[in-house]
Structure formats: structure tokens, C-alpha cells
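Take a look at the structure below.
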Amino acid sequence: MHCRLFRGMAGALFTLLCVGLLSLRYHSSLSQRMIQGALRLNQRNPGPLELQLGDIFIAVKTTWAFHRSRLDLLLDTWVSRIRQQTFIFTDSPDERLQERLGPHLVVTNCSAEHSHPALSCKMAAEFDAFLVSGLRWFCHVDDDNYVNPKALLQLLKTFPQDRDVYVGKPSLNRPIHASELQSKNRTKLVRFWFATGGAGFCINRQLALKMVPWASGSHFVDTSALIRLPDDCTVGYIIECKLGGRLQPSPLFHSHLETLQLLGAAQLPEQVTLSYGVFEGKLNVIKLPGPFSHEEDPSRFRSLHCLLYPDTPWCPLLAAP
């Protein structure tokens, strides 16, 4: 009874804070009182219940240039199934998207450039919004990812609730090496694993709380500058080099930088994330026959969605089993 009461309190706080915070532009110096209040609420919770989709905060990073070409596809497909858990982080206002998403569209003060500081600025916005939410898991994806909610929940349920968890797919088959800037123009060689942001990754709350000194607000951009690497690398650096944690590699996350055609149709429902794009000069998409042609559905996301959810109104009847 007490667990459910605390869960209800957390849900109410989440709704109020998100409406008040996420509908406005993000400011790098997010109110410390709001963060501390969320942390105190988390500490009062006597024990977690079984993980549910409603416990997961899903952040989608995008930019103005892709509002039409990418976001409409996501909103029509997987986001429609978990809209309450999904927040879109962008760099420019969009009245049409605002009407469709309401407070789930977060317009940051970050630059639209594809630069390390701009990317790190958005990641900091995602991270701080998660802290305020009070939810149990933070999952980051890009705007060219398809998220399978059932597979995501199933994966996260496998991890012990009392351990720090950082799960995703490494983009390299070895740790990355970086030069960490130190005082007096000195550098220190560091090595660590990181989950590629293009495939998505997840971090549980107790680990996220430990990351705050390096990842909250402007600290994330500063930390990224220390190693002069992008936002996803910075997450791995904080967890492995600053906190002594470890990446839990998972083959269920996928980016457009791998050969997606190698996944069989029978494997697709088991994957947590999928992607599409151009790789080595060729269109790189999952291999999935119908129900839409490649001209109608070049990303194959609509066909995948109909495979997973054949009851979707716009799916052809032949998609049903």
C-alpha cells in the first residue's frame, strides 16, 4: 500500500514538473531545488515495485532539419505506443510539433550545429529532465531509431535493481583512448568503453544520481571538453573513468553504422532498437518484406511497426498474422 502511495506521489510530481519544465526552453542551470526535490522523493521510496514501461524515461535527440523527415515517422510508429514516456529534445521551436506533443517537445537553448558542445548541451538537457522526472530508467535514442517498448522493458527487467547499470552497444570492438586535459596544459591518457548514441543506451537512476557532478547542467559540456569527444563518449567516460562503472554490452541495440540486413525477420521483434540510414554509400535498412514497398517505406519502420502491431489502423490487413 505504501509503495503504491509513493509511486502515485512520484507520478504526480513527474506530471507537474514536466508540464512546468519541459514545455519551456531548457536552461543549462536547471533549478537545483527541483533536482534536489526529485532526489529526496527518490530516497523516500521504500522499495521499487516490478518495473513497468511507465518507469522509463525515453529521450529522443533531434534537430530542426529533421522535424519533418524523421520525427513524423517516429510519431506515427513507436512513439504512438509510449507517448507518455517519450520526450523529444530539439533546438528550435515548432508550432506544429508543439500542438502534437505538448510538453513532450522540449525546445533547448542548444545550438543546431552538429558539434561536440551542441550535442553535449542536448544530452545535458535530457539528463536533467530525467533527474526531475523521478523515473527509474533513462534511455537515450536518436531520431533515426525505432524503439521496441516490449523488448526494452524485457531487457531492463533482467538487471538487478540494486546495481548500477549502463547498457548499450559499443561502436568499437575495443575501448576508446582519449587524452584528458589536466592543469598546467598537461594531459592524461584514459581508456574506456562507451555505448554509441546512434543505437541508444540506458542508465538506471541510482547510477545517474552518481553522475550528477559531471553530467548535470553545464557540467556535462565541461566534462566533454576535457576529453574533446562527443556526448555518447562523454557518458562512457563519466561512468567508467570517474565512477569506476562498466558498460554492459547488449547486441539488442542497433545503429545505421552496422549491416542491418544481417538481422533476420524472425529476430526483429526481439531487438530493442533498430535504425536506418546511409552506410558506406548505400541505403542501410532492415530486410523485411512488405506490407509496404521500399518506395512507400524506405526506412522499413512502417513495415516493422505493422509486424509488431498489426492492429494499427493504417496497417494493411495482410500484415495481420
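Using the three backbone atoms N, Cα and C, a Cβ is placed for every residue, glycine included.
Listed in Swiss-Prot for this protein:
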type     : residues       : note
ACT_SITE : ASP232         : active site
BINDING  : ARG70, ASP143  : substrate binding site
BINDING  : ASP144, HIS256 : Mn(2+) binding site
DISULFID : CYS110-CYS121  : disulfide bond
DISULFID : CYS139-CYS202  : disulfide bond
DISULFID : CYS306-CYS315  : disulfide bond
CARBOHYD : ASN109         : N-linked glycosylation site
CARBOHYD : ASN185         : N-linked glycosylation site
TOPO_DOM : 1-7            : topological domain 'Cytoplasmic'
TOPO_DOM : 28-321         : topological domain 'Lumenal'
TRANSMEM : 8-27           : transmembrane segment
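Everything Swiss-Prot records as a feature, shown here on the structure.
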residue: ARG70; record: substrate binding site; DSSP class: helix
residue: CYS110; record: disulfide bond; DSSP class: coil
residue: CYS139; record: disulfide bond; DSSP class: strand
residue: ASP144; record: Mn(2+) binding site; DSSP class: coil
residue: ASN185; record: N-linked glycosylation site; DSSP class: helix
residue: CYS202; record: disulfide bond; DSSP class: strand
residue: HIS256; record: Mn(2+) binding site; DSSP class: coil
residue: CYS306; record: disulfide bond; DSSP class: helix
residue: CYS315; record: disulfide bond; DSSP class: coil
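The separation of ASN109 (N-linked glycosylation site) from ASP144 (Mn(2+) binding site), Cα to Cα, is 22 Å. Applying an 8 A CB threshold to same-chain residues 6+ apart, the list for ASP143 (substrate binding site) reads VAL60, LYS61, THR62, THR63, PHE66, ARG70, LEU71, LEU74. Under the DSSP three-state reduction, the residue listed as 'active site' is assigned to helix. The closest partner of CYS121 (disulfide bond) among the recorded positions, by CA position, is ASP232; the full candidate set was CYS139, CYS202, ASP232, CYS306.
Of all the recorded positions in the record (CYS139, ASN185, CYS306, CYS315), the one with the smallest CA separation from ASP232 (active site) is CYS139. Here ASN185 (N-linked glycosylation site) is positioned 37 angstrom away from HIS256 (Mn(2+) binding site), judged by their C-alpha atoms. It is CYS315, among the disulfide-bonded residues CYS110, CYS121, CYS202, CYS306, CYS315, whose Cβ has the fewest other Cβ atoms within 10 Å in the structure shown. By neighbour count, meaning other C-beta atoms within 10 Å, the densest spot among the glycosylation sites ASN109, ASN185 is ASN109.
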